[in-house]
Each structure stands twice: as C-alpha cells, then as structure tokens.
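Below is one structure, written out as structure tokens; comments come after it.
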Amino acid sequence: MTAPRTVEVLLPVAFDRALTYAVPDGLEVAPGDVVVAPLGTRPTVGVVWDGGGAEVEGARLKALLGKVAASGLSASMRGFVDWVAAYTLAPRGQVLRMAMRGLAADEGPREPRMGLKATGKAPGRRTPARDKALAAAANGETWSKKQLAESAGVSASVLDGLVADGALALSPLPPPPPPPRPDPHLPGPELSPEQASAAAALRAAVAARSFSVTLLDGVTGSGKTEVYCEAVAEALAQGRQALVMAPEIALTVPFLDRFAKRFGARPAVWHASVGEKGREAVRRGVADGSIQAVVAARSGLFLPFRDLALVVVDEEHDAAYKQEDGVSYNARDMAVVRGRIEGAAIVLASATPSLETRINAERGRYGRLALPARFGGRTMPEIKAIDMRRAGPVKGEWLAPALVSAVTQTLAAGEQALLFLNRRGYAPLTLCRRCGHRMKCPHCAAWLVEHRFRASLVCHHCGYTAHSPKTCPACAAEDSLVACGPGVERIRDEAVARFPDARVAILSSDLIGAGERLRAELDAIERGAVDIVVGTQMVTKGHHFPGLTLVGAIDADFALGAADPRAAERTFQMLQQVTGRAGRGERPGRALIQTHEPDHPVIRALAANDREGFYRAEAIAREAAMMPPFGRLAAIVVSAPTRELAEAHGRALARSAPKQETVRVLGPAEAPLAMVRGRHRMRLLVQAPRAVDVPAYLRSWLAAAPPARGGVRVAVDVDPQSFM
Ligand SMILES: Nc1ncnc2c1ncn2[C@@H]1O[C@H](COP(=O)(O)OP(=O)(O)OP(=O)(O)O)[C@@H](O)[C@H]1O
Ligand SMILES: [Zn+2]
C-alpha cells in the first residue's frame, strides 16, 4: 500500500502552524483551495497552504472531508497572511481568519429565486381579493410574492390559495441585474495646475504596474480626493481594481456619494456594519474581478482582490488604522506590505501626515506630492487660542465669552459654526457632592461616563452600562450626584440654551451610527439646514461643509496622552483637521481653540499656520528620544485576574529578555489603564534602533520565556499606537 498524499492546511483558529492532512483518493487540491478538514471532531473550513504534499507514513493522519466551491487565496494573499503574522506575532490562523471574512460556505451556482406567475387557469373559487391578485398578475410577468401582494393589495395567504388552486404557479425569477459599473471615462472636474500635476504622477504610478508608495500631502481643502480619484480612474480604465480605505466607517459614507458623482456608480462597501450577505457578495465580486472599486475600513485590506492596482489610504495618519484587539496591525503599514507583494501603487493621503510617513518621504523611500494651498484660491482659516486661565467661562459653563461672541457673529451672518469636543456623552465623571464618591466601572480602572440622552452611565472601555442612580450608592444621599466636566451632549445643551433660535445638530458615533441617519445629518449640514454642529472627532476629518466658517475647539487636551510619544503630533493633527473644516466654501473661515496652554508649541504652530515648523520641531524631539520613526517600539501587556499575578509574570518576562546591546526593555510598570474587564494590566516596553528586527527579537524572547499560567495573558503590540 502506498502512503497517502498529504497537504498542509491552515485553519482560522489561534494556531500558528498549518496541520497536515491526507488527501482522499479522487480529490484534487492545490495551495489556496478552500477545504473542510476535521479539527478534533469538528469539521472546519480552512485553506490549503504551501509546503507539504510529501508522502507521510501515518495511519493516524486525518483526511480532508472535502473541498468548498469558493474562491481561495492566491499565492500573494497567502504570502500576505504569512507576512502579517510574522510581523505582528499573531498566530497565522488568526490572520487567516481576517482573510476569510465573507467567505460563503458555497460560492457555486445559485438556485434561482422563485416567484409567481399567472397560469391562465381560472381559480375554482372567486373572491374580490383573488380577482385583484389575478388582475395584477395578468401582465404575464413573474412577480416576487412580496411585490405581487403589495401591488394587488392582498395578503400572502391569498396568493398561496391561488397557487393551491392552480391559478398561479411558481416560476423562477430572472436574476437581478448586476450593479452598474463605475465608468472611468466620465469627465472629472477640471483640475488646478497643482492638482493636475499630482494627478498625472499618480496615474503614472498606477500605469507603471509596479509597487510604489506616494504620499499625497495636501492641506485641508486642497482637493486630495479629486486628485486620487484620477488614480482610481486609471486603475479602472485598465480593467484592474482599486481599494480606497478610510479610517472610520463614518468616513466611507460621504465618499460613496463623491465617488458616484465622479464615476456614475457607487463603489462596493466593506466594513463591520455590512451584513453577511453583503460581505459575501463583495468578497465574491473582488475575487472574480466583477467588482473593481471598493471603499473599506481597515479590514478591506484582507480582501482577495484578483488584480489589485491601487490602494489609497485616506487620512493615513489616523490612529484608527491600528487594530488594537486580536491581531494588532496597522492597516496603513500593512497596505504598503500588500502593495509590495501585489505590485500595486499605494497612495497615502493626508493633510496632516504621520511623522513616520513624512520621514519616509524625506528619505526617499516614498514619493511625495504636495498640494500646499486650498482649491479655488480659498484661504486657510485664521486660528487663535483662547487662554482659559484668563478668559475662560464662568464655573459650570464651557464656552468662553470670546467663543460665544464669535458664534453669535457667525449666526448673524447666516453662516455655520462647529463646536468640537473629543468626548462622547454628557460628562466624563459623576461624583457625590456629599461623600465624594466617584462612579466607577466595576470591571475597569475607569470612571463611568454619563450619557444623558440615554439616561445611563457607561464605561467606554468595556461597555458596562447602568441606569443613572437617584441616590449615591456609597452614602445613600439623595440628589447629591453631580456631573463633572463636559462631553459633547453637555456642549450641545449649552449651545441650545445660549442660542435658542439656532438649529443645533449633534454628531457623535454613539448617537448617529454610520448608516442612513448619518447621511441625513451630513446632508442637512451641507444644505445649511443646521446652524451649529456639535461633534466628536467624527466631524473633524474628511467632511466638506461649504457654509461652515467658524470652528471652536472646546478643549485642546494635552495632558491626556502624557505617556504617549505621539501626544503632541496627535493633538496637532486633530486640531489642524478640525480647524480645517472652516472656510471651505465661498467665505473665509476662522477657528478658536480653548486651551490652558496657549504657549504650547502645538498651539503656536497652529496659530502661525506653520505646519512645516511643527513637523521639524517634532522630528528633532523624537529623534533625540529615539522614538518612532527614528527608533522602534513594541509593547507587551501582561494581564491577569490579580495584580500580583500580572506583576509576577511581568517581572519573570523582563528577567528572561535576551540581552542585546542596543535593545532596551523598560518595565514592567502598571499600565495607565490599570484594569480592563476585571483584568489587571502591566506593561513592558521594548525600545530599539531601526536596524533591529524587533519581531524576531520578541519571538526568540517569548519562545524562551516562562509560560503564562493561572489566567495570565500576554499580548504583543509591535509599533504600538496606544499607550494606555
Ligand atoms: N478641481 C476641482 N474642481 C472642482 N471642485 C474641486 C476641485 N478640487 C477640489 N474641489 C472641491 O473642493 C472641496 C475640497 O476638496 P477635498 O474634499 O477633496 O479636499 P481634501 O484635500 O480632501 O480636504 P481634507 O483633507 O480637509 O478632507 C470639495 O468640495 C471638492 O469637491
Ligand atoms: Zn469597564
């Protein structure tokens, strides 16, 4: 007897290794095929991986259960999965799981949907409802049951009766027409000379059919979208595919309409709120090439494109590109990796590029195209700081007098104002006036945030929600709980109270979501049906509201990210983005920033409109501290049910760190967010020069480290973005 043929199969579970299976006689499989394999006793869908295929002696070898008629993973996709896993230290199976999203169990030809058709036979019994149904069906077409019932104004049971009677018969419905395809040959807008030359460079990058990375560095309102749409047009015209990524689902919404205006049809959409059926359709369409353009949140990077020509990473600086749970990867960086593997052009677009990307461009690793001025001769907003120490509001209010009078003037001129505060809910802290008790999350080292619209207290880390209590849970005093500090809901209340005639809208992800509600709100603002917009960071980027001329930033918030080496950069980016919403239409804009540190270099750079100066100073500071992009960082978070366990394991880890001259291991120290979901957290930080292969260092470290026991978990984060 000959030994069985075998293959390696990677399964979408937390295994790093592919498992070896026997291939039953009569089954032909190749790397990339989707197969069903037994995992323990459970049939599991996985992907045939590279390697293996040898003849192995093994009576106990399990056999594949079958093959699935679904588009598999190309060699480049498999290479991408391997690469991401190796870099992030995530098990390969966990990365594979992301690449299998939307995979239907069977993509084979579908059974046609059945509808109803008149047979011409008279029913045995006539009623007015039956007559109506037959009259509607008399046109001879096949109707869906629902449509026929609606059109005739009868219930579904009437139709069932007619089928039983032979007057209606089941009949296959014609397949739905394919969605319209975007047309790359529609004329785009007329571009300014700067835009035109940037667009030509991007078109050339796509036409080159090879890997390249280009930073599209253009100030807010410079028309970056119009420019990168030309690169999309080039990809479409070649019959190839383009992926446009946005850091948040909410930002995909306005892009859909802009894309449709440019190309006559909407792109496919891919993100967490798309339902299972929709995802299956997108996955199938990108795999067979019938879908050419996709707009997606970060997970779209793992779609199995057949012929990917272009990836645009819009707002490339955005921290939301970093996934923090499961596989910790930065979709911006992994887009570059995918581009290298696929030979695709990568465009990183931003008005406030990350220092990482700026330095890559300066050192010639990336190309750089600049749009230094706004489109149409519009000017950048004038930015001023309001010193909250001297010119702040009275206690209990949050809008400084100078901001109030600016809003008043803006409204009087028939223009719109935006009040920005990066804090959801009504108040970040609720405390008892009598005993000083603070309302805390029972599972996290965090305060509960009051959400007054929902009458509840919510933990922003674990989602724990409680009704706002009437009495203090500690001292039982009645009506003693007070809200401290503002969230957007509170700013909205103040705006409504101060400007009773103004139409005030609030935009916050927890209130609006990313669906039709959001679209309706954005439309209303664009049309001028809203006077004051109050919003979280959801409103800071990407949006274009022509009537908006004043932006008020309620709190410049530097202290928040004290442990974060990117705190200054992030604050600069956020304020530059939000102030960049002002004055994009006919009239010039201005912005007021409420701050307790008006002399902070970030505020000074903003007020002086000195972007370059800020980046230069920031680069010097980061280089001196050997912080990214001049050095490398990785974080290891140890969590455990008790602090002692977490600390002990953190110490043991630190002791087992391989000695390498240039690599520093800091900690363990208690994480700024010391407990989440009941787990105590300690952090270690690895700092190394750029030349060090940090993932390799971590791998050899963790392989030799004492195993985590007793509920201890170790999470590795290469290139951390969050320092909580
Ligand atoms: N060549 C053009 N012709 C007509 N309108 C244009 C042109 N370029 C840009 N615009 C318009 O100018 C506005 C700003 O452009 P866009 O939103 O692309 O800027 P942006 O650079 O992406 O800004 P931000 O970074 O602030 O999001 C949009 O309404 C856009 O349609
Ligand atoms: Zn919590």
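Each Cβ is built from the backbone N, Cα and C atoms, and glycine gets one as well.
Nobody curates TrEMBL annotations by hand; they come from automatic prediction.
According to DSSP, Cys475 (Zn(2+) 1 binding site) sits in a coil region rather than a helix or strand. Within its own chain, Cys475 (Zn(2+) 1 binding site) has Cys432, Arg434, Cys435, His437 as residues 6 or more apart in sequence whose C-beta sits under 8 angstroms from its own. TrEMBL lists Cys432, Cys435, Cys472, Cys475 with the feature Zn(2+) 1 binding site.
Among the features that TrEMBL reports, Zn(2+) 2 binding site is placed at Cys441, Cys444, Cys459, Cys462. Within 10 Å of the C-beta atom of Cys459 (Zn(2+) 2 binding site) sit 21 other C-beta atoms, taking all shown protein chains into account.
Annotated compositional bias 'Pro residues' per TrEMBL: 172-187, in sequence order. Counting residues 6+ beyond its ends, the compositional bias 'Pro residues' (172-187) has Cβ neighbours under 8 Å at 112-115, 142, 144, 232-237, 259, 262-267, 290, 292-293 in the same chain.
Positions annotated as compositional bias 'Low complexity' by TrEMBL: 188-198. DSSP assignment over the compositional bias 'Low complexity' (188-198) gives 6 helix, 0 strand, 5 coil.
Residues or ranges marked as domain 'Helicase ATP-binding' in TrEMBL: 205-371. Each residue in the domain 'Helicase ATP-binding' (205-371) has a pLDDT score, and their mean in this model is 95.
Positions annotated as region 'Disordered' by TrEMBL: 107-141 (among others). Broken down with DSSP, the region 'Disordered' (107-141) shows 10 helix, 5 strand, 20 coil.
Per TrEMBL, region 'Disordered' is recorded for 169-198 (among others).
Cα separation, Cys472 (Zn(2+) 1 binding site) to Cys444 (Zn(2+) 2 binding site), rounded: 20 Å. For ligand 2, the neighbouring binding-site residues among Cys441, Cys444, Cys459, Cys475 are Cys441, Cys444, Cys459, by Cβ distance under 6 Å.
Across the binding-site residues listed here (Cys435, Cys441, Cys462), the residue whose Cβ sits among the most other Cβ atoms within 10 Å is Cys441.
Each residue in Arg433, Arg434, Gly436, His437, Pro473, Ala474, Ala476, Ala477, Ser480, Leu481 lies on the same chain as Cys432, Cys435, Cys472, Cys475 and has a C-beta within 8 Å of the C-beta centroid of that Zn(2+) 1 site, without being one of the site residues.
Annotation note: Cys462 (Zn(2+) 2 binding site) sits in a coil segment as assigned by DSSP. Across the compositional bias 'Pro residues' (172-187), DSSP assigns 0 helix, 1 strand, 15 coil.
Under 8 Å, Cβ to Cβ, and six or more positions away along its own chain, Cys444 (Zn(2+) 2 binding site) finds Cys459, His461, Cys462, Tyr464, Leu673, Met675, Val676, Arg677, Gly678.
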